[in-house]
Amino acid sequence: MSPECVRQDAESLRREVSRWESQARQRERRLAELERELLEKSSRAESLRRQLDDATRQLEESRRRHGEYVSQPVEVEVESADSQRALAELQAKNGGLQEQLSVQRQLLRELETQLHESQRTCAQLRTQILVYEGEMERAQGQLEVEMQNLEEEKNRVIEEAFIRAESEMKAVHENLAGVRMNLLSLQPALRTLTCDYNSLKRQVQDFPFMLDKAITEAKQEICQVISDVSSTNQELLRKYKREMNLRKKCHNELVRLKGNIRVFCRVRPVSQEEQDSAADAKTMLSFDSDDDAILYLANKGKMMTFELDKVFPPQATQQEVFQEVQSLVTSCIDGFNVCIFAYGQTGSGKTYTMEGVPDNPGINQRALRLLFSEVTEKAPDWDYKISVSMVEIYNETLRNLLGENPSDKLDIKMNPDGSGQLYVPGLTEFTVQSPEDINRVFELGHMNRATACTNLNEHSSRSHALLIITVSGFNSATGNRTQGKLNLVDLAGSERIGKSGAEGSRLREAQCINKSLSALGDVINALRGKHSHVPFRNSRLTYLLQDSLNGDSKTLMMVQVRPGPLTLWGPAFWAPQGCADPTSILYSPVFGPHEYS
């Protein structure tokens, strides 16, 4: 145990002894007070006894005078009223003294009990004081032993420290002698270092001037390098712009050589129902094995030849069809407006070609996927935004297929920015960034598209469906901006009104459909003939697509043909071989205005 702990214990014991001594003195003072109170009570009790004895003697004397005994409480007649009153007063006084005597006796017994308790407590306190005094004596003895041990330990430590200090001092003297020897040997090196220091000091003084000179020279070299790099970048940027313009020009020239307005024909396979029908089982179409732009048609014993830009036989796949149109799709990335139409009779496969099925999509989804692929390859030089909207033209009424209320009618207006472009106020436009976004847009558009039943097709589309894709691009290196539009149009089914079995509202639908298709043919014919007036306003369809049909826009008409006898019904689907304008498929004297009048 350390001396500090011993001192703390001793101090604690002293405080405890002092506390018990204080308590013992308080108990002694309390005991003295109780003894004084006991003496006072005893003297008062003695006084009360004397008063009681006096009263008793007076009472006995009074009774003896009247011949009565105190021990027998017998009522007697008293001769004098004064004697009776004195007797009553003495009896009352005697009773009061008796009560006071009993109370004093009870109080005396309590005081005696408290006195015994105080004496017992005092004896206990004295015993505890003796115990604490014994403990204090033992603690003092231990403290003295500890102090003696500490003193001995202190002397021993001091002696050891003195011996160790002498030894260290001796070693320090020896080291000092060695340092003196080293100092003598280091003096030549110190002189050398002094010379080096002075030389370095002069160099440090000259360093700011040297640094300024070096920085100036480095700045000049860096500026020269930056100038060279800037010139190189400008040259590379100029070459890049030239190559981009050249690529765009070559692509545009390729499309132009193929024709700004091109006509493809796709013949769908014969269905199982048509095979089971004897009348429809006979195929009237045939193909040229050497030329994929020729189509033969047997009609009334005569073989007619039709020449188009491309003919797809029934076995042609969706991928093969899309390979022929993908050059037009990429044109919209360069800022051109493109229209791809699917035209034909009801049940000829227009919707299949444009939309396809989930596991074999058509032109719509393949075009958007190709656009995603192209803009990804051009990043990060180009930043593209692809937005999609879907419109339905039903009975010459424009509807928003992606809006919350597709029954609301839209209008086509001139853009107030002075660009001369048309726009549709309130048309919903979604920005798409992935194939999942495309699927959600298509699902919403299909839910809202108007369909009805006819005799030719149980779920025939009775409206023109337009998928409008806008591609806006910005080149951060050159600052160039482009904006192109791709219009994918699934036209309503075309057929003879009498054969379709349409009546009432369905008859009006068929008339509106044939009228808009004839108006489309008139517009394309006027564009091909470079007429001064192009009748865009003759239908909602051509008026909406005015900016995508005019100028350097690209147009593709995908004519869908059924292989059965219904091929010739409806507006004519192709031009005879040698016709200068293959787009006359949409405008034929065979079915003129009387079809929708």
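The backbone N, Cα and C atoms fix where each Cβ goes, and this holds for glycine too.
Feature list (source: TrEMBL):
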type	residues	note
REGION	1-25	region 'Disordered'
REGION	40-70	region 'Disordered'
COMPBIAS	40-63	compositional bias 'Basic and acidic residues'
DOMAIN	260-585	domain 'Kinesin motor'
BINDING	GLY344, GLN345, THR346, GLY347, SER348, GLY349, LYS350, THR351	ATP binding site
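Residues 69-70, 83, 86-87, 90-91, 93-94, 97-98, 100-101, 104-105, 107-108, 111 of the same chain, all 6+ positions outside the compositional bias 'Basic and acidic residues' (40-63), place their C-beta atoms under 8 angstroms from a C-beta of that stretch. Secondary structure of the compositional bias 'Basic and acidic residues' (40-63) per DSSP, as helix, strand and coil residue counts: 24 helix, 0 strand, 0 coil.
All protein chains included, GLN345 (ATP binding site) registers 28 other Cβ atoms within 10 Å of its own Cβ.
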